[in-house]
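*Asks:* For 75, 92, 216, the entry in TrEMBL reads Mg(2+) 1 binding site. The Mg(2+) 2 binding site annotation in TrEMBL covers 90, 93.
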Ligand code: IPD
């Protein structure tokens, strides 16, 4: 259990929502028009846009002013400050969508204490959506409470399988085969953070990815936990530093999905 008083965390959540929404407006102003990607490649299918740096810089500066004692970790600029609490930022999650002018992207701002997710805020400005959660205080979408779905039958389920070039395509095909073998309907939306948030909101029944990084999931972990989803132990082992596989699911189908996919597939 965290040593931080709930009032200190509630104040941080209010600030995080305000800052992430402002960061979202900045990202919207910088969003490229629809068409071929306006971005540079950091690696195979790993995009970097002007907004990634600008949003991360904005959040780093604002958080340092308001909570100078807190640590910070950002995906893009390598900015890092240490502290008992650590803000973890993905300035644009779903960059491959964003770089082509799509609406499916978000600003992700999580707060962790060691291996415990305390707060999560995801703002999808082009969709007008703000997900937020504080440990022990529930999860919301635009202020209304959310819960993971009550689905129990995999043959009626909808499952997103996130893809990245960090794992071999063969492993991804085996994952997809396992999921489809259950009769579940498949999705891939290009934003791990929003896929996980959709599980929390009951819009899909599970999100699975063979490897994902801390900044992609830091906010979503708090939201999923508060929405009653079943989540694999992402922060175990080297999850903090190197990422891990993730499965987040409606509790009624989680065990069946593990059996059907052999999760975590190597
Ligand atoms: C990526 C997206 C993608 C997921 C990848 C992430 P980025 O993050 O969340 O959906 O499959 O694993 O790296 O590059 O858009 O911040």
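Any Cβ shown, glycine's included, is placed from N, Cα and C.
Walk me through the surroundings of each of these features.
*Replies:* If you take the C-beta of residue 75 (Mg(2+) 1 binding site) and look for same-chain residues 6 or more apart in sequence within under 8 angstroms, you find 52, 56, 89, 90, 91, 213, 215, 216.
In sequence order, 105, 106, 107, 108, 122, 191, 192, 193, 194, 215, 216 are the residues of the chain that are 6 or more apart from residue 93 (Mg(2+) 2 binding site) and have a CB within less than 8 Å of its CB. Secondary structure at residue 93 (Mg(2+) 2 binding site), as computed by DSSP, is strand.
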*Asks:* Near residue 90 (Mg(2+) 2 binding site), how many other Cβ atoms are within 10 Å of its Cβ?
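*Replies:* So the Cβ neighbour count for residue 90 (Mg(2+) 2 binding site) comes to 30.
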